[in-house]
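Database features (TrEMBL):
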type	residues	note
REGION	39-69	region 'Disordered'
COMPBIAS	40-50	compositional bias 'Polar residues'
COMPBIAS	51-63	compositional bias 'Low complexity'
DOMAIN	78-277	domain 'Aminopeptidase N-like N-terminal'
DOMAIN	313-540	domain 'Peptidase M1 membrane alanine aminopeptidase'
BINDING	HIS385, HIS389, GLU408	Zn(2+) binding site
ACT_SITE	GLU386	active site, proton acceptor
SITE	TYR474	site 'Transition state stabilizer'
DOMAIN	617-940	domain 'ERAP1-like C-terminal'
Amino acid sequence: MGKGFFISKALGVVAIILGAGALATIIALSVVYSQEKAKNNNQVSPTDGGTTSKPPATTSSPSNEPWDKYRLPKSLMPSQYNVSLWPRLRPNSETGLYIFTGESSVEFKCAEETDLILIHANKLNFTKLENQMARLTSVNSGVKAPSIKSSLLQNVTQYLVLQLDGKLMKDHIYHLYTEFTGELADDLGGFYRSEYMEDGEKKVVATTQMQPTDARKAFPCFDEPAMKAIFHITLIHDHGTVALSNGEQKESSNFTKDGQNVQKTAFEPTVKMSTYLLAFIVSEFGYINDTIDGVSIRIFARKPAIAGGQGLYALNKTGPILKFFENYYSYKYPLPKSDQIALPDFNAGAMENWGLITYRETALLYDEVYSSNSNKQRIATIIAHELAHMWFGNLVTLRWWNDLWLNEGFASYVEYLGANKAEPNWNVKDLIVLSDVHRVFAVDALVSSHPLSSKEEDIQKPAQISELFDAISYSKGASVLRMLSDFLTEEVFTIGLKTYLTDFAFGNAGYTDLWDHLQMAVDANGTELNDTVHNIMNTWVLQMGFPVVTINTKTGNVSQKHFLLDPESKVTVESPFKYEWIIPIKSMNIGGIQNPIVWLKDKSATFDEMKTSGADWVLANLDVVGYYRVNYDQDNWDRLLNALKTNHLSIPVINRAQLVDDAFNLARAKIIPTVLALKITKYLNKERDYMPWESALTNMDFFYLMFDRSEVYGPMQNYLRKQVIPLFEYYENMTDNWNKVPDGHMDQYNQVNAISLACRTGLEECQHLTKLWFNQWITTNKNQIHPNLRSTVYCNAIATGGFEEWEFAWSKFVNATIAIEADKLRSALACTKQPWLLNRYLEYTLDPNMIRKQDATSTIVYIANNVVGHSLAWDFVRARWEFIFKGYGGGSFSFSNLINGVTKRFSTEFELQQLKQFKTDNSEVGFGSGTLALDQSIERTISNIKWITENKQNVMDWFKTEAKPNEALLF
Ligand code: BES
Ligand code: ZN
């Protein structure tokens, strides 16, 4: 997720607040499912009216013809394309549709004799040329190309199918020419349009998102990552607009076509590359630029955003990050330019098109007044992530999508290294533990998880490819690569990387090729490893899940076991390694003494390093570089608890976060008592660092989800309020009564946590403050709230406010010209406790005039985070599933977030039945990238039901005892 769609923690926290009392109202006002469903059936799906082409007859019955297979045959190999595209930025006066027209010629070599040409094409309407949809010519003089006998479009597998009256000859080169029309729809995929208002005028941008399989929606192409070619691109566009593509502009001239005087811009041929990395953009954007060591760097965005200086941060950071990666990979940036562009409508967070990276506005544009430190960090890391792909992914590309995890996992790891270079004072590298390792542990602990690596034959259809863009590929990929780099040492890791990139430059590879190169580096360096890189990594890559390592400090015995959130769930998938891993263990003892790394290769082993006595403790998985959880014997837990209580700084900050997260999850898996996990939170009244607090809040979120509609809620609030007060006061002092911004990046984050939790637990002083700040904005129309605090302040004010606050925020949202501010308001609008406002807001989410399509699913998830909105959002989603699925697919991870988001509070039999019913009801429609998320949600619900039954009473008792009676009065 990618993280583009992951909702910020602070927002999530605040959004869940509020109002068990509103429960009755929810039930009364809750949308009646059947009514909604009826309404839905009358709705026209956005894709229904969408296509310009009514393709001719297709083969519909399943057969075994080559065009019924999703993978291209190996008979034809493209070498170069000449593509000319003309997007119309005004609608056709008759049809009202926006379209583009194009001409394309592809040169390919015949590798095996064949009388069939299959080339990808989707939703394109081909002009007949001599009665066929394409024209074939031969390049070799003296060899005549066969004629096209018949041409048809196979919609299911997305091919243009050309049958020839004779064979193409092996090793001969041919040209295939086509003319076509496509719709420039607002569907965020292929060649699509984005719209925005400027000075009261609607502006249209034509732009692209090809990954994974939508280049075929822009022009006919061999649309697989290993079919690399050189692309000669030409764009036709109106005067006054700017045309961009992967290559530098070669020439731009006046041109008259179809009676219109337009501009024709040709680009330098690209390097040899995959189709999914192409980009074509026509806009009226402005830009700023710089040159670094001969590489031209430009940032493009809407003109007012550029004029307002919002591109400067990205411009200033791109150079250093690019240089960092050149150095890290020991390979020069392979292109003469690096353009980056912020688009008003964009489905993912960003896309690594080679030389022309596309972003949603919030991921690239930084504004001094409006952006928070979290917004800034996202910009730095996302730039680093996409720039990392320029080598890893673009220069060397995985052969097929089944290895996507290596591409995305790698970029998701090194994005932290790149961002650290851009902002060395932030300690941003530590945050991978919270954002990736801990985050993915939650899904990888389910039996419905899956291994990082998929089999090539299992990944065929576009929907199967899209499904791979999930937390496992991104976050588990990042986590295991970080572990690998750590045990090899960065020096050896980067030597292996360098030879891998050099060997496969402009070509394709598989993940085992990387292991080969790393092994060569290991051998050359004489690094001592317990086994080969292949053997070690296979245990992490070829089986799902991860181990819990149990250390008995009395005996020094260390053992491993597959960690399952629900210990009663049955693993039905066999693993080649029987769910055992080769585990590197770094550890330390009291006094900060680090032990040499030990390797656990079998089910269990005994190590002297793990044996302690007296007051000494062992702390394993230092800095959480290993992809596993750790459990100890009770004595060692007690000693660690004591260390936290008496001198928490003796344990490194990342491991304090780990102790909290491990303990809560071990408790959920019934390995340790829940009360032991709760006990750890007692030291938080002395904790001032961000990471442990954040870890605790994530785990408390689960408690909120499970208990905010039950009698546990009150005592829990009392206890947490008591724990957060010292932190709240600490920041009150540090900031001179909220008048200054803390210096440190992490402190800025933790200040937000302090306010969110204090307000959430009903601390009056906090609620008073947020109301005051928001009301000052309403009355003076001047917003003086610091951007770091805006999300939480807006949310709290809207939650405790009513119609007036909501309408005020909505009007600010509608008129916002800065996407980052609009986003903060959009999430806060979901915090209201008024069911009718939430229902109306839900309706807005599917109206692109109110909420941009790119933001629809995340807005529904914001609403579901709110205790009042949860059932409303669930009713809404299941009633409109087909409409949402067809109109908001776009081949990204938003569906898995949507399904996870609207079901995460599920904890009753009734909800479980509804969830299963939802799965059955929509089996025909499908769930696309949300397929796996649905099974995960079912599994999670089952585990939640059990957890509540087993824990409710003792959790309530514990909170009651721990919250001092005199503070138990607010609820
Ligand atoms: N290649 C992806 C973008 C993408 C995602 C394309 C899903 C098609 C489907 C890009 O490199 C990416 O991973 N973007 C992330 C940002 C990153 C910082 C995790 C995103 O979009 O959120
Ligand atoms: Zn990526």
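Cβ coordinates come from backbone N, Cα and C, glycine included.
One residue stands out among the binding-site residues HIS385, HIS389 for having the most other Cβ atoms within 10 Å of its Cβ: HIS385.
Other than the site residues HIS385, HIS389, GLU408, same-chain residues with C-beta atoms no more than 8 angstroms from the centre of those residues' C-beta atoms, the Zn(2+) site, are GLU352, GLU386, ALA388, PHE392, GLY393, ASN407, PHE410, ALA411, SER412, GLU415. For GLU386 (active site, proton acceptor) paired with TYR474 (site 'Transition state stabilizer'), the C-alpha to C-alpha distance reads 13 Å. Listed in sequence order, the binding-site residues from HIS385, HIS389, GLU408 having a Cα within 10 Å of the Cα of TYR474 (site 'Transition state stabilizer') are GLU408. Summarising model confidence by region, the domain 'ERAP1-like C-terminal' (617-940) averages a pLDDT of 95. There are 29 other Cβ atoms within 10 Å of the Cβ belonging to TYR474 (site 'Transition state stabilizer'). Neighbours of the residue listed as 'active site, proton acceptor', defined as other CB atoms within 10 A of its CB across all chains, total 28. Take the CB of GLU408 (Zn(2+) binding site) and look out to 10 A: across all protein chains shown you find 26 other CB atoms.
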